[in-house]
Amino acid sequence: MNCTLFNTRYQVEDESSHLDEMPLMMSEEGFENDESDYHTLPRARISQRKRGLEWFICGGWKFLCTSCSDWLINICRRKKELKARTVWLGCPEKCEEKYPKNAIKNQKYNIFTFIPGVLYEQFKFFLNLYFLVVSCSQFVPALKIGYLYTYWAPLGFVLTVTVVREAVDEFRRYKRDKEMNSQLYSKLTVRGKVQVKSSDIQVGDLIIVEKNQRIPSDMVFLRTSEKTGSCFIRTDQLDGETDWKLKVAVSCTQRLPALGDLFSINAYVYAQKPQLDIHSFEGTFTREDSDPAVHESLSIENTLWASTVVASGTVIGVVIYTGKETRSVMNTSNPKNKVGLLDLELNQLTKALFLALVALSIVMVTLQGFVGPWYRNLFRFLLLFSYIIPISLRVNLDMGKAAYGWMIMKDDNIPGTVVRTSTIPEELGRLVYLLTDKTGTLTQNEMIFKRLHLGTVSYGTDTMDEIQSHIINSYSQMHSQNSGNSTSSTPSRKPQSSAPKVRKSVSSRIHEAVKAIALCHNVTPVYESRAGVSGETEYAEVDQDFSDENRTYQASSPDEVALVQWTESVGLTLVNRDLTSVQLKTPGGHILTYYILQIFPFTSESKRMGIIVRCGNMAREGLRTLVVAKKSLTEEQYQDFESRYNQAKLSIHDRTLKVAAVVESLEREMELLCLTGVEDQLQADVRPTLEMLRNAGIKIWMLTGDKLETATCIAKSSHLVSRTQDIHIFRPVTTRGEAHLELNAFRRKHDCALVISGDSLEVCLKYYEHEFVELACQCPAVVCCRCSPTQKAHIVKLLQHHTGKRTCAIGDGGNDVSMIQAADCGIGIEGKEGKQASLAADFSITQFKHIGRLLMVHGRNSYKRSAALGQFVMHRGLIISTMQAVFSSVFYFASVPLYQGFLMVGYATIYTMFPVFSLVLDQDVKPEMALLYPELYKDLTKGRSLSFKTFLVWVLISIYQGGILMYGALLLFESEFVHVVAISFTALILTELLMVALTIRTWHWLMVVAEFLSLGCYVASLAFLNEYFGIGRVSFGAFLDVAFITTVTFLWKVSAITVVSCLPLYILKYLKRKFSPPSYSKLTS
């Protein structure tokens, strides 16, 4: 007898759900289901793009330039059309087309584009471009002010650091690529094996891949050293799944007696055109020289994709796709260079400063009265005041970013965290949307068998021992009946006569159900050899050591492993499996063998898996809830089915549909055996972390490839949706009219979470994108299920485009990479699904709960510190420009520099750099406070730490202080006019040091050291660099005598000026803290 078992997803159909499907608002609105426009949804008020001059100025020129360049690029890189192909075994020369070279290339630049590329990335920032122009102007004698090094040194430093950093990254990429491309593989030729580099492999080559070797290109699996004709491969680098996949060799070539016979046959593979989907493949294998010709259908299980690794045996394959056409390369997107919001805001402020600079210069020239070569003077003024825009801004910020990265990695509370993109730590403090993956991110992807339901009776975790005793009973009975008089198994026999009849039926039903679960799956037990010499002993003969210690299970889904581990725990153990049979061990130690006739793998469409075994029985995967059923077939029924099934498998068109229809015909009138329940455990501290993020004003969207029921279930258990909240499940929609009605229904609900599937989402975005995003953004939480990787990335881009807010994506698998790269800030978790996501991310963490500290503490600090640092550096430039302006206006608008070369360079570096840079150690609240009151984070998203308002305050402070310092110096020094420079510069340095002290919120010992170190440097240089402390040069006869600096008059005058410039600000700060304290000070007091 043949017995077939099926195991289907179980879906609860609620009575009320049918009521919800009644058309909404039909009568009230007279809504007609046609393509006319609708009136019910609030219309997006999008003003038409203004054409004409205004449009051109507002960014039209940018639009035109980009479209022209895109057009040029498209012409240069005209994509070759991808076509289906016929590949002759071992004959690359027979290919009609020229296929791409099989080389891996991850580099961003080549030798020619490196310098231009890096420079473009740098100079597209207004700040750097401005400095380049200023520095170049110094080569013109008429415009020369001071020494060249005052302009070129800082610029050169910035560029050198950047170029070196990029070059190192690029070199690492080049080495990684070279290593991959020069790996050697054995290629089979008529003359035997030859070694060939990975990059020289061509379509049609026969390649031999050993165990633990990477597969170099996409191949069709022809034969293997394993007796079973199948092998396992590891795919974690391709799809992010850690479990092994079973691949099957083409039977026609596997049956050939020796390797060399591959050349004695005349055969070819027909393969579909290269495409993105890594989970599907359609092709045929044809051998022409046999009579009749052999045709075999090829599916995904006959393929070996590039970037996967052979886990057992040696495989031989024929290459069908190479290089750019392999699945792994087609699925990787080019990562964009991410730029933080803070950098963009500072870039805007720089432009504002530039306008101020131009205005100031024009005013100066106007006051001069446009005498002489006024345009030359205008340019000289532009150069004199160029310190308004400090070049040290970029240096300081870049060093600051490096420091934050170092602090994040050194934080003991979040061990294992890695910062991979050092340019955007401030983004962590500005997030509004967090898009998270479910499996492996919120959950552990570890399944535990929780419940077995037999219709009348249900077993939970605490009653599993009852099942075990039932199993032991039924098997001991079977063996005692089989063995007849044999004494070996009689001791275990129990008297059954006294037991009631019903008990026996429950017992047999449990026995059937457990046996079904133990058979219907795709799990393979793998044995590591005791000696650990090699994996060759995995498939030894029956004398194989089936001991429990060294057995591990391999499957494509953790659910299946959970089911098989459970059957082992109740006494029925899976001990061996190959392509044709499954062996189970009974509690009494007997081995039962079942022959596999057909397997129908699990797909997301059919939501079920089936197996037909001879003389046996079965059931298998589904997620979380499974229905297990069986059907007994006669030999004739099976033969009839087999012929129809094979015919369907060979068809070229609509193969999947035809196969599904044939299998479906078998899945009727089955006997229900049981239901099983498997639980996916949540990651540690997911609930408090999500709670904290929600209180911080971050909206959380869960994007998962999983099915609706599971996603909803996890959303509730992880408290993504709070207990009291309603959940609105968006009905599946396919047309515009349905989407319209469903959106209306959703609009009437308030404060409820939205659950929507990927397909419905596509429909809504096609017709009502703006309205849908508007409604979804008002939800406290959104769950999108059945999302493909590209859809995940699309949702991220939508949120960025429609809300303009910062987004963060977090995930752990290869399927989350595109979403992580699209988000403003991508976080990868090193999870069970491999390392692909954590390598592609900007920040890599080891557990989901670490995200709380990463955002609340490090994100907050990085943003606040960079904002303070950026504005302070601008203030430092503004104050000296103000002094220059005052100086020039007093001296009849002469375009003469106030301070000479080294003083200017020293001012921005050695005298004030350490204290200013020590602002990166500042913090407004303690980390414990920030975690205890996540509401503080909300303030940051408004971006109030760095805005035009705060910037204006700093500008006013700079103008006030610069004015006081210069006028003070000029007023107090009527007599010794030559000492103006010494006095004003000393007062300036002291003012800066005091201002740093004023800005700091929490002192750190390093800050104190920095203050005194800078002061010491300055005092020392006064003694040695006295030639600079005069006006002009020796022309004024001004050499500074050390005697003057030590006089009491010098000291009191400098102190007086400094006090006047700083005291009012200290008083203002005190009053502000008293009358309108910031939110955090209320908590700390």
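Cβ coordinates come from backbone N, Cα and C, glycine included.
Transmembrane segment is the annotation TrEMBL gives to one range among 378-397, 758-777, and that range is 378-397. Sequence-distant contacts of the transmembrane segment (378-397) (same chain, at least 6 residues past either end, Cβ-Cβ under 8 Å): 125, 127-128, 130-131, 134, 137-138, 143, 145, 154-155, 157-158, 161, 343, 346, 350, 353-354, 356-358, 360-362, 364-365, 866, 869-870, 873-874, 876-878, 880-881, 884-885, 888, 895, 897, 904, 908-909, 913, 916-917. Every protein chain considered, the tally of other Cβ atoms within 10 Å of the Cβ of Lys792 (ATP binding site) stands at 27. The binding-site residues listed here (Phe602, Thr704, Asp816) include Thr704, Asp816 as those with a Cα within 10 A of the Cα of Asp437 (active site, 4-aspartylphosphate intermediate). Of the recorded positions Asp437, Asp816, Asp816 has the largest number of other Cβ atoms within 10 Å of its own Cβ. Cβ-based neighbour count (10 Å, all protein chains) for Asp706 (ATP binding site) stands at 22.
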